[in-house]
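Asks: What follows is a structure written as structure tokens; I'll ask about it next.
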């Protein structure tokens, strides 16, 4: 069998290693020149064991036990009197010893990566006495490594990033492989790295595993991701070494190496002149191949005739330039605008300035389109004044509006009556002159805010709005009066000259320089002996007593007329009466009782007691009324008649009559009483509008003799009447009234016997009509042949 070159080299290496280990493992015990060892004596003889480490190759795949080494004592004469025993790690389970010869064998495959060495103890015993002839000694069996583990990337696969356009040799990431073999023995764990996929863009350091860029100017916009395959091989990369691989995904991160560029050199947009301020006119965008912050741009208008009319801003999400209106457009004033707009990167990388300016320019032309606009007033707000004394038809002012379009259509004016509900003003439809339509009152409404509408004559749908504020000027048309209702009292023990009340006045007018009031007593009250009035010259006056000795028994109330004049032009005046009551006061001058009747009340009965008595009487009256009302509201039958209601009493006969609409049929009510008294009873649960639906009740006085005679008379009449039904088959129907909601319930037709009506709908009328539904719901029947 021929071996290849590689296999032959491996075989020679293993054979040399095995011979070396076999020579080392032939450790024999040299004879000691000292005295023999006796276990019972105190004298310690020189040790007769000389030990070395045993070595055994891992991963032995043979069928026979693997020879490890030999134990031998110089006491052993070869006559079989000595036996060897083994204890410790793996004794008997992994390692066995020939007790006669001391040969040690491994019975199982060993793996250094699981356990690198085993510690055992050996002893030589006398076979007969089973006593040790040598002290127990410890030795180590070390597992010799072979290259049976490939390198592994424990952290793979890897992802990394590197900026685009990086120079050659820029470090990307470091990969690390681990080999489980023994790094202290041979080259089994010595790993070198190489790149299997990813060239010529990247390279890897063989010893460190650092991946670096291998080409300059790698452009993210051309290709932004690379997949690398890295190999790690042991035995320093020599043939026969084991290897492992991992993948590395390298992403090129963006740098600002692309300037913005407009796809077109010019743009044109049409906008109506009616477009509101702040509306978007257009969106433009400069293309930038970069992403993120490197693609952020700012736009600005650098030139053109629309600098104050338009502005441009950037949309942070889309990086678009948004052109909006700053001022109202007017086709009649200017029909087009031209803008020069620049787009520039906000974050420029100095390393790439050589690639060109990182900005671009474009031209935007905006065409203003004419639209039919509503009339425009010459002022947004008109302020007008008018006196409240102005007569109806007085001219207040004029508003003016015009059609801004080229057609200059005539304008007609009107007032929005929602702003002038009382119709105080009118406006001339052609001239825009505003006049008064009613008398004005400043005290009612000092300012009127109205809206004037201007409509184009050719297109009334175009309506402009103007706002007018009309201020009403005041005139002195209101006389002064007391500021409040005064409750004035004077004590019986008041002294002359004592102040009993301070009064003031108000005036609804609003003079420019403020109010000035003058107070005095009327001519008839000027010479009274009880009170006097003092004008304080500050729009107030003081009422004083002129005497003492006021008594309620003599006069309990005084009326003092006071004359008040304002300072208007012309001045107005009024007379206001001050009511003064005489009261009994305490020592501090506080009124206690002001009623003269208090003197005639019974002794010991105060006003509070009278009020309490009156409250008790009222309470008793209320209780009596409640009791009476509750008794009257006791539950009564729905029909005022005390007799029972027979509306739901169904009388069934074998034959049927003609129904309530058959006037020829006999009225069974006549059989109940000759003197029929049909009283219309009022239903409590039926409104007056539908009371005619209630059934009448009959009051009857039974009389057997008259009853029999009456029946015989009717029988005779029925016998000779060819239109009457057989008298021995009468069906009684209670009177239903005219215009029944349910219409006629009769199954018979007085005129025709062939009725084709369908009575199945009776089953839908509820339980009260269930019997009728059962009787007639199956279809029409013919009772007469």
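The backbone N, Cα and C atoms fix where each Cβ goes, glycine too.
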Asks: From 599-628, 629-658, 659-688, which range did TrEMBL mark with transmembrane segment?
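Replies: It is 599-628 that TrEMBL describes as transmembrane segment.
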Asks: Tally the residues of the domain 'Cadherin' (154-262) by DSSP class, grouping H, G and I as helix, E and B as strand, and everything else as coil.
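Replies: Tallied per class, the domain 'Cadherin' (154-262) gives 3 helix, 45 strand, 61 coil.
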Asks: Just give the helix, strand and coil counts over the domain 'Cadherin' (482-599), going by DSSP.
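Replies: The breakdown for the domain 'Cadherin' (482-599) reads 7 helix, 53 strand, 58 coil.
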Asks: So what pLDDT does the domain 'Cadherin' (263-377) average out to?
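Replies: Result for the domain 'Cadherin' (263-377): average pLDDT 92.
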